[in-house]
Amino acid sequence: MRSFIKKDLLIFWRDRKELATVLILPILLVLVLNFAFAGLFSNNEQSSLDLQLAVVNQDDVAEAMARLNEKLVNEASLGDQEAKALVEQANDIHPVQLLFDFLESEDLNDWVTVHKLEESVAVDKVKEGDLDAILIIPDGFTAESLYAAFVGESPATTLEYKLEKETSNSSALYSIIHGFIDHLNYQFAIQEIAGASEPAVKLPEGGFEKIGAGETFTMTQYFTVAMGALFALFLVATVATKTGVEIREQVFNRILLTNSHPMHFLIGKMVSTICLVLLQIIFVMIVSHFILDVFPDRSITFWIGLIAMVILLSLVLSGLAAVFTAISLRVNDIDAANGIFMLVILLFGIIGGNFVPIYILPNWLQQIGEWTPNGLFLVMLTDWIQFEELSSIVKPSILLTGIFLLFTMIGLALFPQRGKAK
Amino acid sequence: MNSVLWVQFCKDKRNPLVILLFIAGSILATFLFAGGVYSPTTVAIFSEEENASEIETKWESLLNVDDSIQFEIVEPEEARTNVKDGNIDVAVMLMETDYRLVVTSELPSVSYVQQHVEKVFQREAQISAIVETQGEEDVRSEIENYLADAPFQLETQGTGSEQVPKYNLSTQLLFAFTFLISMFILGLKVNNVTNDKVSGIWDRMILSPMTKTNMYCGYVLDSFLITLFQIVVVLLMFKYVMNYEVGDNLWLVIMIAAFFTFSMISVAMLITGFIRTPEQFYAIYPSVIPLIPLISGAYMMPGTITNPILLFIADLFPMAHAMEAIMSVIFYNAGLQDVMMSLLFMLLIGVVAMGIGINLIERRSK
């Protein structure tokens, strides 16, 4: 039997290009994903958001009060005195100035850059892609809006938010501005209703209650674990395709002539899968740990647990390799079989959450995903990384062992009898 | 050329299972994922005060204002375990006038929920302050009335016209998944070159009067037709059966897809150039392909990836160009003129990759 294991490992050793791909690509992926999502999903100070907003101010603030007065007298038919009082009151409110103060405030300064431009210039720049969006403050905005606020009618003018294409940047800018306008309106509403008296507001404290052992599960950890598991899955498909090579290169026929027990062939495949998966995942984890410091300051227990789980995963995947190998020996068209293996691996990868961001998946599919070996492995490692509690990983471990036994049984059952292989 | 094409078709005719499975898979995957985008985030709320149920019902109705986040009342224990197990990102512990967010880690959804909850609680605090000082009960409806005619308004427009450029992530995902699967299909087909090489058919073809160009054309054409067939089937399915928004200009979309297919076949041919056996192809190709839509930003809103190095790498693959062209056709009514640049880029990638790829394959066989 030892010679079979040696043979299977040698097949991989002979093909070092492929081995290198399987080892290096996941690390490359972890790095790329980290770059791609850095700042997007973390609440770091160094946010990568860089929003460029053009503001076109067509409103003449100096004239606004005169216009407001005129409008109050002519259209709302208020007396001179009354109108004067309101204008006096309005003098303290400069919505346009408030808007500028807000956009240029320190909170926003880090990611919003405001350019004050003419409309035609701004449109050109947005079309060229230099700017994300334009905010136009139309002529008479202050007067009309304040008039609307005093009289309680809909305003005749609105701010115009112009964009060329809807991107994450232009949506972010929209929600920032919209949030401000919303807030402004709300404050006007409160003032209108509360009148002159300013009630003391007891603001909520808010805040967080962190639960768990305090260890957070970072995106980098997620990518490392997910990519490790995904490429372990690919490795299974690769092991299975090697059966095709052996049949083609007559290795299989030569094995038949040696009169070895058929099971030895299968066991060789399984053991080599275990070795390769172990090598691959541990390599990915250790190298990404040294490059990105994925698991900082963890105890030795943590690492032992991690390795135990990887061993469990490698067992399960060896079971899957057994099933694939058995199928390869049974079908006529080994190419079609390879295609289907790839499809199965893709399916596992997708619903296990290794391929695409898991948030895309509907909830029920996420739950099914937790039943795939890679999904289960992901869930188990997430638990372990956060809490390091033995009790929380017992159940998934038993499940994984169960899946391993199930796969192995299926593999054994499908494995052709002596002389039945096609 | 025809005979090569025909023999490949015959292989598929004899064994159509894989292609059919892939087409079904691409429809299913798109359907599941593209539909899932709009399922709202569920946030658990609970209270541990004495009059817990009263507080919970009060805040539940106040918090559930729009469709983007759904707040649900659960038992405190259940909420904590769910957060701890990572089943949900965040739960909100409610008090009479205050709240705490129960979290384990800094997931992106948390700050979004925090903003919303904070806003609601602040507003409620102001309202209750007014109610206290003035003794009015109707404050809430008064505010609503006022806000219905809010003095300050914001309106979205396109730069060129009044029409707001609309964007839909579902549609983008539809194409992302369709293209992802089509990359696998065309890879399987291109792999036939190596398959036929190792089985000796390639040598027999070389002995026949057929030219090399004809041989390669046959394989490329076969791969092209099958993949385009898949894309067209999926698109028609989504346009006419499931009524997805895939634009009015279907012909242009299909044309872009055709350019993409050719370009990707060339990339697959390039990868084939590096390997010797079909099994190696199975090991390398599926590991590279999932990278492409990720770095091309096909799963995310445009503009999400800003890293210049990543953007450059993405530009080397046809997917980024294809997605850009298709999105501008569907959402911004671009015509052939507007997408010409993307088409030419794909063509360029195709020609260069095919050239290097075939060269490598030919060198290896000497």
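All residue numbers here begin at 1 and follow the chain in the order shown.
Quick reminder: no glycine exception, Cβ is built from N, Cα and C everywhere.
Per TrEMBL, these features apply:
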type	residues	note
DOMAIN	A:19-412	domain 'ABC-2 type transporter transmembrane'
TRANSMEM	A:20-41	transmembrane segment
TRANSMEM	A:222-245	transmembrane segment
TRANSMEM	A:266-291	transmembrane segment
TRANSMEM	A:303-327	transmembrane segment
TRANSMEM	A:339-361	transmembrane segment
TRANSMEM	A:397-415	transmembrane segment
Other same-chain positions with a Cβ less than 8 Å from the transmembrane segment (A:222-245) and lying at least 6 residues past its termini are 8, 11-12, 18, 22, 25-27, 29-30, 33-34, 37, 251-252, 269, 272-273, 276-277, 280-281, 284-285, 288-289, 292, 294, 313-314, 317, 320-321, 324-325, 327-329, 334-335, 337-338, 341-342, 345, 348-349, 352-355, 374, 377-378, 381-382, 385
Sequence-distant contacts of the transmembrane segment (A:303-327), meaning Cβ under 8 Å and at least 6 residues beyond its ends, amount to 229, 232-233, 235-237, 239-240, 243, 265-266, 269-271, 273-274, 277-278, 281-282, 285, 295, 337, 341, 373-374, 377, 380-381, 384, 388, 390, 393, 397, 400-401, 403-408, 410-416
Residues outside the transmembrane segment (A:266-291) whose C-beta sits under 8 Å from one of its C-beta atoms, at least 6 past its ends, are 1, 4-5, 7-9, 11-12, 22-23, 26-27, 30-31, 220, 224-225, 227-229, 231-232, 235-236, 239, 242-243, 306-307, 310-311, 313-315, 317-319, 321-322, 325-326, 408, 411-412, 415
